[in-house]
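Record features (TrEMBL):
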COILED    44-87  coiled coil
DOMAIN    134-224  domain 'Sec20 C-terminal'
TRANSMEM  203-220  transmembrane segment
């Protein structure tokens, strides 16, 4: 079973390697950084934190080396500590160079932006004029659409009013038709009643005429043929 001291040494070595790789990655990010300065400052802050962790682990490893019982193991660990310190110094040198390279690149970029500032202002002015013209065109189109919609609404209202008037006319015509239908039915009843009355009058006239003829014949008979 491994001693606790050996486990601590192994953990220190693993963390030293991890922080070393993280520092190298951040240094490469600084080389690739094109600004602004706030981004560079943020990267440098992260590098400082990693260096602090790395330095602390190297110190812990050095302390563990001094506590070794065997001289051979002690010297081997001290050699590893020395190698880690050299690597850390190399990383610090690379860090300074990367910062210098990044700052030069940012300065050159700012100078180029200043030289192109006039052109950019002209382009912005042109873009603003174009945007203003486009906005004016869009506004006119929207106003035209609004007028068309207003006309459509007015036409719809007129059509609705026409439908209402037509509906009223149809209702009035229906009422008149109902009234005329009642009048026609009443006229039909009167005509039927009149026809019946006329038939009754004709029958009475016929009966009266028959009675008259019978009376005349009776009188003639008594005068001409009294013996009968």
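Backbone N, Cα and C atoms are what each Cβ position is placed from, and that goes for glycine too.
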Kindly report the helix/strand/coil residue split of the domain 'Sec20 C-terminal' (134-224) according to DSSP, in that order.
-> 91 helix, 0 strand, 0 coil
Rounded mean pLDDT within the domain 'Sec20 C-terminal' (134-224) lands at 77
